[in-house]
């Protein structure tokens, strides 16, 4: 019996040795390219790619790779915020995060007006190999039809480099922004407790498809359009709310119950009328007459911005409202997103 056990143990050792040697001989990881590593990341709201060094397979039309991580989601190429490769086989782009990170998701903004469909079938790669297409992939080839912003779930893959490529295609690779979220896995550190009056920096949009109301409706711009999950800011695409021209126009969303609000993200109209939103204010509270509720900061400037993020600092309320106080104007909102939800009073130790 002892002899059999010894033989069995020897076979296991030899089998393990053989596999390790094979991996070393090829110079490649024995892990499958599409095999995610175990564990999840915290769904952080910090963009790990912002202003990090970026590289691409080639550059054409002055579309430097760093444009895709400049923090500007403007998707009109003439605004000089999109990267652009030459027309080539298997074009690729990558960002160097500086160290290996746990990646929850990657957000990609495609070009508008011309060439957005060229991004069809792109893939996202995460790993420590600077030759990014040798790294594991986040899911499958991505469809971009009918989408301006594509969010790709990476399920906790870890790596220093996040790459995007168009495999098996001869095409331009154009990226108008790439955002990378994640950072810390639950096994590495416990989430810090919040202070009183602060919310968790949630990534769940509390306003999505919630009931919305506004002071009036014109040009068929129903209030619910502003919470439909579509950030398309071209009015003809039927995803923006629109009041009549009136004094002190307002809009509100009902979250269903009182929530702690960390921030409100507002997408303004593009091409025509975006400046009409200048001076808007955000209100949070339990009064359905939203302008009677506390405000998040002061009047907001929209000049040079397509997306405005307003810090609400832990205000709580069932209703989130937007108004143009002391103005006679249209109020047009192409998306309103509300984030927060959990306060220190209700947060349990560990993961949220």
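Yeah, the Cβs are placed from backbone N, Cα and C, and that goes for glycine too.
Any TrEMBL annotation is an automated prediction that lacks curation.
According to TrEMBL, the protein has these features:
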SIGNAL    1-22  signal peptide
REGION    21-41  region 'Disordered'
COMPBIAS  21-35  compositional bias 'Polar residues'
DOMAIN    45-188  domain 'Fucolectin tachylectin-4 pentraxin-1'
DOMAIN    203-347  domain 'Fucolectin tachylectin-4 pentraxin-1'
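Secondary structure of the domain 'Fucolectin tachylectin-4 pentraxin-1' (45-188) per DSSP (helix as H, G, I; strand as E, B; remaining residues coil): 15 helix, 61 strand, 68 coil. Helix, strand and coil content of the domain 'Fucolectin tachylectin-4 pentraxin-1' (203-347), in residues and according to DSSP, is 15 helix, 61 strand, 69 coil.
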